[in-house]
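Report on one structure; see the data block that follows.
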Amino acid sequence: MTNPFDSAGSKAPPKPFTVSEGRREVRSFVLRQGRFTPAQQRAFDERWPRFGLDYTGQPRDLDATFGRPAHKVLEIGFGNGAALRFAAQHDPSRDYIGIEVHAPGVGRLLNALADDNADHVRLYHHDAVEVLQNEIADGALDEVRIYFPDPWHKKRHNKRRLLQPAFAELLVRKLRPGGRLHCATDWEDYAEQMWDVLDATAGLVNRAGPRGSVPRPDWRPQTHFETRGQKLGHGVWDLLYDRT
């Protein structure tokens, strides 16, 4: 097991989370680790062997990983882990995989999963594109959730947004027919881009119709990102797509 942060505090940061732009790769996030508390460090030391998935670059048998056949739900960029923990608590019949590059959020969720005895959850602390490309088999996922990705609201930074055509096509490959993609954002401009990209992606059908959104589903709790956005006067858009 390769500990992302050993107990001495030496870092082994993940590679940049990237989206394609022509021949070069554009980072879709800026890595800000923030304060790493002693409790979060202990989480990596003690909890990672139970709940963590080390990146190997090889296809992974998810049924073997979880020890059962069950619907597989992937959340990309789970932040502090509130939505992923909520889902795991309220529907333990599913298996959940979370990907997050910011170590404090991973450490926090590791501790919460131990408190919940949530052995139907596994976490990656790695580049989501690499995980999807190399470790998740085509058609292996029943659902992908992407909640409040970085909006990169300055126009010159829009190319850094995660939801780009190449990434959408990658998601389609990893979802089984009949699967589901659920995205949420509190930036109207990003919702517009999501519609531009996802409505035009072969293999995805907007459940609410072209450029449509749905009320917040019961399986997504109101997150601190959403609360913050509403305080700033932002709307919230939930986009739900079926994989054909």
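Cβ atoms are placed via backbone N, Cα and C, with glycine included.
Annotated features, as they stand in Swiss-Prot:
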- 1-20: region 'Disordered' (REGION)
- Glu75, Glu100, Asp127, Asp150: S-adenosyl-L-methionine binding site (BINDING)
- Asp150: active site (ACT_SITE)
- Lys154, Asp186, Thr223, His224, Phe225, Glu226: substrate binding site (BINDING)
- 156-161: region 'Interaction with RNA' (REGION)
Rounded Cα distance in angstrom between Asp186 (substrate binding site) and Asp150 (S-adenosyl-L-methionine binding site) is 10
Over the region 'Interaction with RNA' (156-161) the mean pLDDT stands at 65
Glu100 (S-adenosyl-L-methionine binding site) and Thr223 (substrate binding site), compared by Cα position, are separated in whole Å by 16
Smallest number of other CB atoms within 10 Å: among the binding-site residues Glu100, Asp127, Asp150, that is Asp150
Expressed in angstrom and rounded to a whole number, the S-adenosyl-L-methionine site built from Glu75, Glu100, Asp127, Asp150 spans a maximum Cα-Cα distance of 15
For the binding-site residues listed (Glu75, Asp186, Thr223, His224, Glu226), most other Cβ atoms within 10 Å of the Cβ sits at Glu75
DSSP says His224 (substrate binding site), in three-state terms, is helix
Integer Å value for the Cα distance linking Glu226 (substrate binding site) with Asp150 (S-adenosyl-L-methionine binding site) is 13
Cα of Asp127 (S-adenosyl-L-methionine binding site) to Cα of Thr223 (substrate binding site), in Å and rounded, measures 23
Cα-Cα, Glu75 (S-adenosyl-L-methionine binding site) versus Thr223 (substrate binding site), nearest Å, comes out at 14
Taking only the CA atoms, the spacing between His224 (substrate binding site) and Asp150 (S-adenosyl-L-methionine binding site), expressed in whole angstrom, is 14
Thr223 (substrate binding site) sits from Asp150 (S-adenosyl-L-methionine binding site) (Cα to Cα, rounded, in Å) at a distance of 14
